[in-house]
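Worksheet: the structure to be examined is printed underneath.
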């Protein structure tokens, strides 16, 4: 059977037939995407459930903490994930599943759309690898490797939401009905907008939610366990309570 040319103008991806692939291979690719998403959600819930002191909060804590080997107080949070290795392995596996599925689906649709799908899948896999292997911790901030963590997180967030948009726009190439295409585009756009809002965009907004970097000021989070404070760690002059009718003495830290 003659093969169609890859590109014949702006509408080539919408009108030219896609390459023929084994239906079993295509189904396996789709199943891999679903499996990766479900496995991430299940393992995340299990790992979060193992975090007891204090319990993990989906509102206050970063999801990255679940896959971090660091234990201690960090940025106003008590961080310690006993099952961090399980979360890390799941993220790496998810990246590989996305990459494999992207290569298959990219070949399925062919043309420029197929190239875009494969490139996005590769970028998401790289993002998962960086996000898993580099952690947000005091040591990472000290040696500069925190940059790789942020790069990986950014790739995963952006690409994971861009892929559904591409699939929805090219729904005819994938053989998807219009309602599915609309849902794909809507979910992708919503995810991108939510990510920008969480990061504090537009300018003047304040970061909110688990993806935001929490304040590092002492006592900024109610989840920080109480820690004894020495006088030298306080402000130069500390007022102490006195019985009614007596002057309030002050204590100054040594200079």
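Yeah, the Cβs are placed from backbone N, Cα and C, and that goes for glycine too.
Per TrEMBL, compositional bias 'Low complexity' is recorded for 208-222.
Annotation comment: TrEMBL describes 205-255 as region 'Disordered'.
For the transmembrane segment (25-48), same-chain residues at least 6 beyond its ends with a Cβ under 8 Å from one of its own Cβ atoms are 56, 58, 63, 66-67, 81, 83-84, 86-87, 90-91, 93-94, 97-98, 100-101, 104-105, 108. Taken from TrEMBL, the feature transmembrane segment applies to 25-48 (among others).
Here TrEMBL flags 88-108 (among others) as transmembrane segment.
Beyond the transmembrane segment (115-134), the same-chain residues lying 6 or more positions past its ends with a Cβ under 8 Å from any Cβ of the stretch are 64, 67, 88, 91-92, 94-96, 98-99, 101-103, 105-107, 109, 140, 145-146, 148-149, 151-156, 159-160, 162-163, 166-167. Annotated transmembrane segment per TrEMBL: 115-134 (among others), in sequence order.
Taken from TrEMBL, the feature transmembrane segment applies to 146-168 (among others).
Feature annotation from TrEMBL assigns transmembrane segment to 180-201 (among others).
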